[in-house]
Amino acid sequence: MAWWRSLTCVAVLALLTACSAMTDRVPAPVEDAHILPADPNDEPKPAVWLPVPAALAPGPVFFTMPRPVHRPPPRPVRKPPPPRKEAVAPVAPPPPPKAPLIVRIQDIPGGKMRGMLDAEVQRPNGKVIGRAVDAVAAMNGTPQAVVVNLVGFMGVGDRKVRLPWQSMRFNPAPHGQPPFTLTSDTVEPTASSPGSGGSPAPPPGMMNLIDATVRTAKGQEVGHVVDVLVDATGQLQGVVLNISDSLIHDKQLIAAAWSTVHLRGDPKSPRLETDLDEKQIEASPEYVGGKPIRLVSPPTADTGSDDKSTPDSAKASAGGSAPAPSSAKQ
């Protein structure tokens, strides 16, 4: 065992020798420290206190904040102005639709037409012989005769006679000559029955117009005739109707165009019918004697136009009347 201990000692010595050889090195040269000058633009960074957990540091810890970076403000973005709108005139709303016409109205200037009831009748020499009290019309609407009340002495001897329509000359002017003038002294009148006091009975196919009842196409009574309108050519142009439904109250008169009145029924006892209905009659303007006449008739397709023609009479056999402006009532 002695040799083993000797070998161990030799190994330990060899190891110590090797270690001392490895640590034998040349030391690095020692240089003096160089001091760099401070930058004048370098501002000291402010120090701030930040809390540090107690587990990491027993006391306060200093941190240096980064230097703020200066950035220029952003340039304002200018939006292009909107395109300029041209001024446009406001568009007027379309006119409201016209209300449907109820009745057509024709305005007749003064002196172009007049009522014949109670109009004076004179001879060719200018002597007044009486007054017109009625008119007689045929079934086709043409006038046939004028009923005249011949004047007696102090009202004694008055009698009604029927004179042919063709034997009369008409003057519709409100002043001046009498409205009716006989064209001849040889006219043979037809007298009424003695003691009757009424107008002579018309022959078959004819009808006395004054006081005749007028009805609608549906048979509704609307009034009765109180006057007949005649123009300068001797043509019937209208009838004046009393549409009042009471004899106690004042009369309510309208002037209906003769073209809207028809003789219907049996020629032995004809009746008068009008094309106007109840609503149109109620919407008709009032007829006033001595003022411009306003003839009414049902509306037509061209009623809205400015018609300057004379009032139409489908029953007139000849001639025409003076121009008359027309209007329409809504």
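Easy rule for this one: first residue shown is 1, then count along the chain.
Note that Cβ sites are derived from N, Cα and C of the backbone, with glycine treated the same way.
Remember, TrEMBL labels are computer predictions, not curated facts.
For 1-23, the entry in TrEMBL reads signal peptide.
TrEMBL lists 65-100 (among others) with the feature region 'Disordered'. With DSSP states grouped into helix (H, G, I), strand (E, B) and coil, the region 'Disordered' (65-100) comes out at 0 helix, 0 strand, 36 coil.
Within its own chain, the compositional bias 'Basic residues' (68-82) is flanked in space by no residue lying at least six positions past its ends with a Cβ under 8 Å from the stretch. According to TrEMBL, the feature compositional bias 'Basic residues' maps to 68-82.
Residues or ranges marked as region 'Disordered' in TrEMBL: 170-206 (among others).
Secondary structure counts, DSSP: the compositional bias 'Polar residues' (180-190) has 0 helix, 4 strand, 7 coil. What TrEMBL lists as compositional bias 'Polar residues' is 180-190.
Taking Cβ pairs closer than 8 Å, the domain 'PRC-barrel' (208-247) reaches residues 108, 112-117, 133-137, 141, 143, 147, 165, 168-172, 179, 199, 202, 253-258, 261, 271-278, 281, 287, 293, 295, 311, 313, 315-322 in its own chain, all 6 or more past its ends. Here TrEMBL flags 208-247 as domain 'PRC-barrel'.
Here TrEMBL flags 278-330 (among others) as region 'Disordered'.
Per TrEMBL, the feature compositional bias 'Low complexity' maps to 313-330.
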